[in-house]
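**Student:** Straight out of TrEMBL:
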type	residues	note
DOMAIN	16-291	domain 'Deacetylase sirtuin-type'
ACT_SITE	His140	active site, proton acceptor
BINDING	Cys148, Cys151, Cys199, Cys202	Zn(2+) binding site
Amino acid sequence: AACRSAPGLPFVPACPPPGPGEVEELQRFISRSKKLFVLTGAGVSTESGIPDYRSEGVGLYARTDRRPVQHSEFVRSARARQRYWARNFVGWPQFSSRGPNAAHLALRDWEQRGKLHWLVTQNVDALHGKAGSQRLTELHGCTHRVSCLGCGDETSRSELQERLEALNPTWKAEALGMAPDGDVFLTDEQARTFHVPACSKCGGILKPDVTFFGDTVSREKVNFVHQRLAESDSVLVAGSSMQVYSGYRFALAARDKQLPIAVLNIGPTRLDHFASLKLNSRCGELLPLID
């Protein structure tokens, strides 16, 4: 089968359509499992029009020299927060309107049919939740929520959008392309006049409820996911190269428990040498074919 780029899916690397053999292999793997643990990454959301960081040729790192905001910089620097929120403000209407694709819906269907024990996602785009998945842990949080670093007060991101609009009635900026976390690229000049609100309860710093690069996932959440993994009998990794340790640690734990591991990802991953099954297909093309 020839490699092909999917029309209308600019952030998905070219790959051949799944062959009947691949469908059969994954079907066998899923059928044998009674308590399936699924770990998803950005490759599940690229088909919804959300770019990832690492995909060859089409990921953010391949296309630009931009890097995501670091946790320490966000906390330390008012200028960094101003840049972050200005970009996020422009990107939010488009980012938040993205809907789940066939991969998200297939995983939700597996859950409803009792095939899926637990789903852990590294994505912060809320698409698994929008699809209706409930046995779900958002490992790195979710951009749709905002919390105060001072008092912990939580608000919705759409509520914050209204405050940002009210504070910046005449501020205008043209977006220069979209980034994975829902912000866009702006020049420093554009961001300099942007007003950032403080927490309405305590005046503290507002931050999206997301684990930024350089920050760590809470011990409670990690322990909770390890418990769900301990109850499971096999693991499917979908749409992730597993380059980030916070997700990779669960694959290592599964390997130590000698659980069968299937990997569905376009391009190489850190698990390829110990996975029982490696499939190189689009998640949204292959997952809906499995019942």
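Each residue, glycine too, has its Cβ placed from N, Cα and C.
Map the listed features onto the structure and describe their local environment.
**Tutor:** For Cys202 (Zn(2+) binding site), the same-chain residues lying six or more positions away in sequence with a CB closer than 8 A to its CB are Cys148, Gly150, Cys151, Asp153.
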**Student:** Cβ within 8 Å of the Zn(2+) site centroid (Cys148, Cys151, Cys199, Cys202 excluded): which residues?
**Tutor:** Leu149, Gly150, Gly152, Asp153, Ala198, Ser200, Lys201, Gly203, Gly204, Leu206
**Student:** What is the interatomic distance between the Cα atoms of His140 (active site, proton acceptor) and Cys199 (Zn(2+) binding site), given in whole Å?
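**Tutor:** If we compare the Cα positions of His140 (active site, proton acceptor) and Cys199 (Zn(2+) binding site), the gap is 22 Å.
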